[in-house]
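A.B. asks: As annotated in TrEMBL:
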type     : residues                                : note
ACT_SITE : D169                                    : active site, nucleophile
BINDING  : 15-18, R38, 72-75, 96-98, R104, 137-140 : CoA binding site
BINDING  : G248, G249, Q250                        : substrate binding site
Amino acid sequence: MTKPLEGIKIIDFTHVQAGPACTQLLAWFGADVVKVERPGSGDVTRTQLRDIPDVDALYFTMLNSNKKSLTLDTKKPEGKEVLTKLIKESDVLVENFGPGALDRMGFSWDTIRELNPKMIVASVKGFSDGHHYDDLKVYENVAQCAGGAASTTGFWDGPPTVSAAALGDSNTGMHLAIGILTALMGRQKTGKGQRVAVSMQDSVLNLCRVKLRDQQRLDRLGYLEEYPQYPHGEFSDVVPRGGNAGGGGQPGWVLKCKGWETDPNAYIYFTIQGHAWAPICRALGKPEWIEDPHYATPQARQPHIFDIFNTIEQWLADKTKFEAVDILRKFDIPCSPVLSMKEIANDPSLRASGTITEVAHKERGTYLTVGSPIKFSDLKPEVTASPLLGEHTDEVLASLGYSNEDIARLREAQAV
Ligand code: CAO
């Protein structure tokens, strides 16, 4: 089967997580992704948090599958010469260096588009161009704080909290992938490349837009009815942290199930969707609540929503999270067990769909990774191993027209 992005050549000048997550996605869908890495060391994640001595860390292998690795010192003249050739022959260059690094290397946007007017140059930075913090280097949690996620996550009596989900890193990479694909579509019409820039702050904020909704509601009303602070607590003039409250119009909470005293994940998320109220009452054995004016409407329930959650927890006390969900699903109640990473790793449905997949790696044996979360009717993305450092250097150089003698010269100069 021909893959949709087959024939698209990508120079993957990315490192750590935000950029590599983007190019990995494009590689799954068929793009020819050549990761350019510094000779001798490569992407820093190759050595970060290693679980096996001298073998590429999972941090690297799980973000760089389906790619080739070319070692190249792009600060040496010989390395610049190779990069120049690559730019002339490629469609996209993706980078997530610190601010200004590509310019300092001698490959500004103006230089690149002069070399190849069809080139799409895609960048991740912490903050957008012209932002008062645009000189800052940024990692995941910094972006979560800058994008409004941290101030609105956690419990009201605790500090701002970051999420385990990579809202700043992988999420920004996904935004960048959308930008690259859009620029490729645009190029089909105009024949011209363009610059695509995504900031980590903006990408986090894009996922926090309902909190900006809440800020405006709070400014107007002085309260937020779906937050645990309503109606008994106090609101200040900023969106508070709402614990595990549902962020939309449906109240919800994380509730204890059988075994919570010893199992940190013996919980379910339970949502009280308006139209599911009658089924919930029936499931709980509380049919009298269906018509009771203190319970019958979402407004009537809100003042004592935590008493309702307590009642549900009593019902859950003799049920495991899986048993509870199996009962509640019959009543059309939106809910899920709180799954641990161990449970996810062994989940047969996730294995069957390819979302959790095993990959064979030359040096580390088989490991688990997260496959494509996007499913197609005519494409089944296969995940192949991440490359060893410089594994494809000779192959890529040969494809650029370098002879064995040329390659020896580049090695002599320690440019590859
Ligand atoms: N050959 C020669 N030099 C190379 C090279 C190569 N193949 N690859 C990288 N370099 C050089 C760069 O040119 C840069 O040199 P100068 O600073 O001297 O111009 C240098 O390596 C360091 O690059 P950096 O600033 O990107 O690296 P860092 O480790 O100091 O910072 C990070 C890392 C992630 C904080 C920074 O890259 C950044 O802010 N990136 C943008 C935001 C981002 O993507 N953050 C998310 C990371 S995922 O958690």
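Here the Cβ of each residue, glycine as well, is placed from N, Cα and C on the backbone.
Nobody curates TrEMBL annotations by hand; they come from automatic prediction.
Distances, neighbours, how buried they are, the whole picture for these features please.
C.D. replies: Secondary structure at D169 (active site, nucleophile), as computed by DSSP, is coil.
According to DSSP, A18 (CoA binding site) sits within a helical segment. The C-beta environment of A18 (CoA binding site), restricted to residues of the same chain at least 6 apart in sequence and closer than 8 Å, consists of N96, V124, G168, D169, S170, T172, G173, L176, M200.
In sequence order, V210, E226 are the residues near G248 (substrate binding site), counting only same-chain partners six or more apart with C-beta under 8 A.
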A.B. asks: Where Y139 (CoA binding site) and G249 (substrate binding site) are concerned, what is their Cα separation in Å, rounded?
C.D. replies: 33
A.B. asks: Where the criterion is a Cβ under 6 Å from an atom of ligand 1, which of the binding-site residues D73, N96, R104, G248, Q250 meet it?
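C.D. replies: Cβ < 6 Å from ligand 1, in sequence order: D73, N96, R104.
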A.B. asks: Closest to Q250 (substrate binding site): which of the binding-site residues H15, D73, R104, going by Cα position?
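C.D. replies: The smallest Cα gap between Q250 (substrate binding site) and any of the binding-site residues is with H15.
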A.B. asks: If we count other C-beta atoms within 10 Å, could you say which of the binding-site residues N96, Q250 has the fewest?
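C.D. replies: Each of the binding-site residues N96, Q250 was scored; lowest Cβ tally within 10 Å is Q250.
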A.B. asks: If you count other Cβ atoms within 10 Å of each one's Cβ, which of the recorded positions D73, D169 has the most?
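C.D. replies: Selected residue: D169.
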A.B. asks: Measuring CB to CB from R104 (CoA binding site), give everything in the same chain under 8 Å that is also at least six residues away in sequence.
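C.D. replies: Result: none.
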A.B. asks: With Cβ-Cβ distance below 8 Å and at least 6 positions apart along the chain, what are the contacts of G249 (substrate binding site)? List them in sequence order.
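C.D. replies: Residues satisfying the criterion: E226, G274, P298.
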